[in-house]
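Taken straight from TrEMBL:
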type     : residues  : note
TRANSMEM : A:6-26    : transmembrane segment
TRANSMEM : A:33-54   : transmembrane segment
TRANSMEM : A:60-84   : transmembrane segment
TRANSMEM : A:91-111  : transmembrane segment
TRANSMEM : A:141-158 : transmembrane segment
TRANSMEM : A:188-206 : transmembrane segment
TRANSMEM : A:212-232 : transmembrane segment
TRANSMEM : A:239-257 : transmembrane segment
TRANSMEM : A:263-283 : transmembrane segment
């Protein structure tokens, strides 16, 4: 029983990284912008957070540094795609390639350096519930923040005026522009906010999830997060669910390795990537299902007056 | 405030000038980076732009790395021109290497020289098979080819790791994760002695020529591109988008697989975990910087190869990490995309905030 509680706790931990990044990308995509640079953003944010924590010893500063670094890079991406009208896919790819190179390059001094294990944050009372307590209530505060963020996003996107404007910018930038909304500034704000969330995910990954720096440590999680937004058909709550599901697949892989199953470890490492492919195929199969919630102008450039 | 004014027609001047301006900007930013690192920027630029071309041997090495980059980029150009976003060429490259390596390992010392052809064909088939997974899932399930092809890169790498750590591991290899070195008869013939340049370079150049003919002189090549530019027009003309999807992915997968085969049976000579060297990703930049045009890509492959060698030299000569290559490549793509704005727009100064 104890091992299942640990597995569940680890699942939430792994899912949190994906959830934060995918929620950031969801905000981006609701405004009509696809950012294929998530992987690069997360890598640079992870490095910024790691370096900050090594030198200051403060997790909070680390999280802020990670968010700041990713927000800054996302802003560059945003200016390129929104003001200079560059192709969103190509620019995102450039961001991913640059982020991977830059983080490997700038982080070379820190390779294999480790951070001290984080003490567990147990919520008093709740954490003592047998089985459920250790599984759910011994997480880092940021893990709960991810849940709170979903609630906030549901309210923001579907109940607030600003959220309505954000969605309209992603659905029909022409109409939003005609109504006098500053489409490009709103899109940039969404890209920067989304970038900051990807940065938080990268910072969480490097400080809490695997407290050490290795080149390329995000290992495709940025891309999985992109797939999650499709998987969730752009609904925040489903993003969270999907993230935990994928966190579960990742953890299952370690669990199986630990129990000495006769499968080569490489096949277990493939699992999250294969799962992403399978799930993506199953979800995308029904075009109607996708189209209902997909922002209509997703990935399309908008330039007022052209 | 700067304002962009759409040009009535695309500027021919800037479609050539933009890559040059992008390269200049990359050099400037790179120099600033060297200064920030406390290194002499002149020395740094020398390592990146002079050392790789200063001798016959250096030029040969430049071609060795330009070959896989060009081959992969040629295939990707067919994809990007038809708006198929295959970004998993790295995985197709690895599968080509695995398939070619498998055939090479089967060969005994006295196999005929024909085995090289079998190895190259195996590489093409391996890359095509891997790309066809993406094509199938896109075609049948409407799954994003970007994400599927990319996820398959990670799967391909694990498959390679499994083989070299497991069933294909060289029993006499002091427990290193690698296969035994391939028999001499399986190695790709070199063009001349004293240089590692192989017939791969000839194949890549022939490929560039073939792509030019296909794109600009055949109906099939035209149909392939119309779907990417104007899907509605393509439908009206009766060009099948499914056909275009499969063709694009099979061509690019085959080209990447061939590049993988040429690498393992050429310079590398065995399967190791270091077979994926990022050529599949760098080729995306080669394709864009070369304007998806065969001739342009020949130049940009050489340029990108220069960055590879520059990165290696920066490591050995200046004590800088090799990943500097990735920084330069990423920067070049960024600046190129930004400069390309000048092709379609004029930049105007305006008082009125845009």
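Numbers run from 1 along the shown chain.
Each Cβ is built from the backbone N, Cα and C atoms, and glycine gets one as well.
Automatic prediction, not curation, is the source of TrEMBL annotations.
Counting same-chain residues at least six beyond the ends of the transmembrane segment (A:60-84), those with a Cβ under 8 angstroms from any Cβ of the stretch are 33, 35, 37, 40-42, 44-53, 91-92, 95, 99, 142, 184, 187-188, 191-200, 202-204, 206-207, 301.
Sequence-remote contacts of a segment are chain residues at least 6 beyond its ends whose Cβ falls under 8 Å from one of its Cβ atoms, and for the transmembrane segment (A:33-54) they are 21, 24-25, 61-70, 73-74, 77-78, 81-82, 88-89, 91-100, 102-103, 106-107, 110, 113, 115, 170, 187, 190-191, 194-195, 198-203, 205-207, 213, 216-218, 220-223, 225-226, 298-299. When Cβ-Cβ distances below 8 Å are used as the criterion, the transmembrane segment (A:188-206) is approached by residues 16-21, 23-28, 30-31, 33, 35, 38, 41-50, 62-63, 65-75, 77-79, 81-82, 115, 140, 142, 149, 166, 169, 212-213, 217-218, 221-222, 225 of the same chain, each at least six residues removed from its ends. Here the listed stretches are A:6-26, A:91-111, A:141-158, A:212-232, A:239-257, and the one with the most C-beta pairs under 8 angstroms to the transmembrane segment (A:263-283) is A:239-257. Recorded stretches compared: A:91-111, A:141-158, A:212-232, A:239-257; the one with the most Cβ pairs under 8 Å to the transmembrane segment (A:6-26) is A:239-257. Just going by CB pairs under 8 A, the stretch in A:91-111, A:141-158, A:212-232 that sits most against the transmembrane segment (A:239-257) is A:212-232. Cβ atoms under 8 Å from those of the transmembrane segment (A:91-111) belong to residues 34-44, 46-47, 50-51, 54, 73, 76-77, 80-81, 213-216, 222 of the same chain, restricted to positions at least 6 beyond its ends. Residues 12-13, 16, 19-20, 23, 26-27, 30, 63, 121, 166-167, 197, 200, 204, 208, 236-237, 239-240, 243 of the same chain lie 6+ residues outside the transmembrane segment (A:141-158) yet bring a C-beta within less than 8 angstroms of a C-beta in it.
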